[in-house]
Amino acid sequence: SDADDAKEAIDDTNKVNIYGEFLTVRAFSSRDSAKQNAAKKKQKGAIVEPRLISLAGDFHSQLDSVLNAVRLTQEEVTKLSALYADLERYLQQLWPGCVALPFGSITTGLGIKSSDADCFIQLPAVFRHPDTNFVNKAKKLLQKYPRAFAEVLAIPRANTPIVKCFHVPTAVHCDLTFKTPLGARNSRLIAFLLHADPRLVPVAVVLKYWAKVHGLSGTGKLSNYALTMLIIFYLQQPEAILPSVEWLQRDSSDDVIIDSWNTGFKCNHELLPKTKNTSPISELLGGFFQYYSSFDFDKKVACPLTGSPLAKELFTDLNNLPPVFERYKRNVMERSSLPLKFTTSMCVQDPIDLSHNVACSINSRLAFEIKAYFKFAADAYEKEKENGCTGFLKILLLQKPKLPRKENLLEYKFVLYPHILQFIDSADWKTVVREIMMQLFEMCKICLTKVEEKPIEGARNQRERYTGTIVKAIWKRKQFTKLYSCSNLSFITKQTRITEEVMKVVKESFRVNFQLTLTYAHNSRNVLASIKLIEGEVILFLEFGKFFKSSFQDWFLTLLRPYILSKDKANAPVANGSSRESDSQATDNTEDKPAGIQDAVVTREDSDSSSENIPDTINNTIDTNDNNTEDPKDRATDTKNSKDIATDTKHIKDIDNDTKYNANNDTNGNDTNDNKTSTQ
């Protein structure tokens, strides 16, 4: 009977092992089901769509509608006390006396519906040993309580190790840290400043929502903390509403030193300088975009400590810095802190940890986009301010700028290991490479359509093009990769299954159209693979491009192994560089079309007139170090791949020493004069 089957399943708890984890089965209850369904209703990072918000009436009516729709209610914030109570209750089993200290947007009044909870676990001194892996210990403990915590993940090798988890009773995602209370002190400063004037929190919430709606904020992008620092810095400009942090720290009796930094400040609103700024919220909001649309991020540092922009060149020599940076200079000279990373596309200095550029993850592509959004919003405000800003929020939240197409920013390339291709045990090596590349995309459930082009007379290299469409974030594979790590499935089956799992779980669908190009050298076994954006969201393509450059290279080598010569044949001559003319002829006549490839025909005018040249990847490959959107653990893999690419670049140069890649000759209109990047 069903009851007997259920009892037998429950008896198997902690006995049946699946992929290295013991199965847990418990009796069903309607109460548990309700909790699980409630938890599923909140997807990670889900936001209220602006088109669902009533933007009718005047500016203030629209503002109220936005705030009511996106802000956490007081009741929702109060419910989070259950999260902190559960954390303390369970973690005190390992560390008696530990305290959960919330920080982040929820404590500063900037919490919105998609906000996660951030929590610092303060341990008694007796437990604070530098070599202890707190996050792994916490992960193992919280996993024992699935009714309270789900999706528990430890990230021990990040700059600030954290535990990510989902609190089932409150349906809130939470990040735990054990490293330092600096985050809690920063949140205290932000809360104090933004509550100094009743106009400021609404401005900050709208800006946070704006950045979220347009995909400008999030992991690897503009962090909410960095955006908040930009807001505070703007409000310190004439006519200032907020004082500099240096002004708040002038009284040494307020000092609170943590990790060699002064986290203390004068926290009495009545003692703040009186402001003469009486601008309404609409003007403060528009002024934010006007200020940053003309801010020179290439040469200036946004410095909330001083409340004024500083030249980046000042940080090249500690002796150039003003006296307010004495603590920073001392910490750097004593090597208790690293110097500020001020050479990045955007530099926003943390007002407490002065060695921290909170915008250092912003790469040149994202900085370009953010500046375009600043300019677009500033122009919208200039247009709408004469009409009482009645259309300002509609433009701000529902429209986006048309970004200029900078093709070289929207292309990823890598060389397919020529020192290994020469050992393919087949004269028809191009077919081997082609079929493996097709298999890689099939594993990701991406159907490719071949673009048939008329051969160009005199072309020194052979070029093949395919078009494809990405509809899901198939690069979000980490949790499923771990799940299948102990399986006995073949590599292709395993990766295909992981893709299927991702496509089921990831709710968001989109369409990003791209072009794959395979360029084969004429007289050597060299292949350049590249993908270029045709149409779709730039941010999504950049995410896929990073995945393409890292995972696809490793996968290619895995699938190539069966085709490599055995050791006793390795020294034999091979095609394209040997005396076997018949092999070379066989290669040139290959016209096989792998399964899943459809045909399309384009005219000569649609083809690339520069197909005779294989690009110089040193100058034109996207810099993976500048595309800082991955987890810290993945960077080592990307770095290894970048070194491999740099090593293999010399083989590409061997193809045609007389040619230099010039994207201006490409009929697609690539502009590489001002935006060349390197893999090194």
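Cβ atoms are placed via backbone N, Cα and C, with glycine included.
Record features, source TrEMBL:
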type: COMPBIAS; residues: 576-588; note: compositional bias 'Polar residues'
type: COMPBIAS; residues: 612-627; note: compositional bias 'Low complexity'
type: COMPBIAS; residues: 630-659; note: compositional bias 'Basic and acidic residues'
type: COMPBIAS; residues: 662-680; note: compositional bias 'Low complexity'
type: DOMAIN; residues: 60-191; note: domain 'Poly(A) RNA polymerase mitochondrial-like central palm'
type: DOMAIN; residues: 281-356; note: domain 'PAP-associated'
type: REGION; residues: 571-680; note: region 'Disordered'
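Taking H, G and I as helix, E and B as strand and the rest as coil, DSSP gives the domain 'PAP-associated' (281-356) the counts 32 helix, 7 strand, 37 coil. Per-residue confidence over the domain 'PAP-associated' (281-356) averages out at a pLDDT of 95.
Mapped onto DSSP helix, strand and coil, the domain 'Poly(A) RNA polymerase mitochondrial-like central palm' (60-191) counts 54 helix, 32 strand, 46 coil.
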